[in-house]
Amino acid sequence: MADDQFPGWHGTTIIGVKKGGEVVIAGDGQVSLGQTVIKGTARKVRRLSPGGYHVVAGFAGSTADAFTLLERLEAKLEATPGQLARASVELAKDWRTDKYLQKLEAMLIVSDGQDMFVITGAGDVLEPEHDVAAIGSGGNFALAAARAMMDSDKSAEEVARAAMAIAADICVYTNGNLTVEKIAK
């Protein structure tokens, strides 16, 4: 997540990798406030199961804001069962137009095992090119590393873990304590 978008806020890396019939979303565990590590074992990747429809989501940004958005996404998925794209667009529209939601500082990567999207507060619902998406302070490092490995024989999980390890080595706001969730269609 760009520091200029959320001044004074740093920290976290989330990656989504779609390969071999599955999607893996992985996130580091570091929570930073300024130059201080507050926690190293946070879980920023979650499973959602509204109405028995399974989705994995990873978030970067304010935890409280992200949980608010995840709750809204669950409600949208309950209203549009099995339609992650539609639920994501509806969430992004609300996020963009609702005065309360506009103030939320977070980004999401979501997947149902078939589709994967990055959802932003600017109203974007982006389906990543090259089957890799990454957000957060180390997102560009993880994205570049994962894209370099996509043609290898590594599984989606191996690509995600290796890319996160590289990001953690480069980005001071990212650690190697990973939460990894897999989902397949």
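Cβ atoms here come from the backbone N, Cα and C positions, even for glycine.
Here Swiss-Prot flags THR12 as active site. The DSSP secondary structure for THR12 (active site) is coil. All protein chains considered, the CB of THR12 (active site) has 30 other CB atoms within 10 Å.
What Swiss-Prot records for ALA168, CYS171, THR174 is Na(+) binding site. The secondary structure of CYS171 (Na(+) binding site), as reduced to three states from DSSP, is coil rather than helix or strand.
Within 8 Å of the centroid of the Cβ atoms of ALA168, CYS171, THR174, where the record puts Na(+), the same chain has further Cβ atoms from THR13, ASP28, GLN30, SER137, GLY138, PHE141, ALA142, MET164, ALA167, ASP169, ILE170, VAL172, TYR173, ASN175, GLY176. Around the Cβ of ALA168 (Na(+) binding site), 21 further Cβ atoms fall within 10 Å across all displayed protein chains. When the binding-site residues ALA168, CYS171, THR174 are ranked by how far their Cα is from the Cα of THR12 (active site), THR174 comes first. For CYS171 (Na(+) binding site), the count of additional Cβ atoms within 10 Å of its Cβ stands at 22 [all protein chains shown].
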